[in-house]
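Engineer: As annotated by TrEMBL, GTP binding site applies to Asn47, Lys48, Gln49, Asp50.
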Amino acid sequence: MMKTSILFQIYVIDSADRKRFEETGQELAELLDEEKLSAVPVLIFANKQDLLTAAPASEIAEGLNLHTIRDRMWQIQSCSALTGEGIQEGMNWVCKSVNSKKK
Ligand SMILES: Nc1nc2c(ncn2[C@@H]2O[C@H](COP(=O)(O)OP(=O)(O)OP(=O)(O)O)[C@@H](O)[C@H]2O)c(=O)[nH]1
């Protein structure tokens, strides 16, 4: 029997916790450096968008230098785990990316 494994990464950021953006950026960079997971699609959820204090996804993307990622597909999706907003869109992107890699 042939075994296939589907790999992807999901990273959840608290968009309202600006104090931790720097730490978050370092953690994400380490995650992306992980050799074994190179080329694996990565979805970044910019969570807690229901809060007025939340930084917009575009600002987070810029702060984390996401546009410098070249070795894998990536997507940042604003969402709220509280209201459910954006979760489906994010998961759709993951499914699409995983499928496009299989071809
Ligand atoms: N307003 C709001 N609160 C959220 C959202 N998602 C999670 N929370 C709240 O944030 C708090 C932390 O959530 P956890 O699920 O414990 O997250 P965690 O990453 O384990 O938290 P840390 O221990 O801080 O790293 C909880 O009180 C959640 O209810 C969201 O989208 N909006």
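A Cβ is built for glycine as well, from the same backbone N, Cα and C atoms used for every other residue.
Those TrEMBL annotations? Automatic predictions, nothing curated.
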Engineer: Report, as a single number, how many Cβ atoms besides its own are within 10 Å of the Cβ of Gln49 (GTP binding site).
Structural biologist: 22
Engineer: Using DSSP reduced to three states, classify Asn47 (GTP binding site) as helix, strand or coil.
Structural biologist: strand
Engineer: Among Asn47, Gln49, Asp50, the binding-site residues in the record, which have a C-beta under 6 A from ligand 1?
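Structural biologist: Cβ < 6 Å from ligand 1, in sequence order: Asn47, Asp50.
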Engineer: Fewest other CB within 10 angstroms, which one of the binding-site residues Asn47, Lys48, Asp50?
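Structural biologist: With the binding-site residues Asn47, Lys48, Asp50, fewest surrounding Cβ atoms within 10 Å: Asp50.
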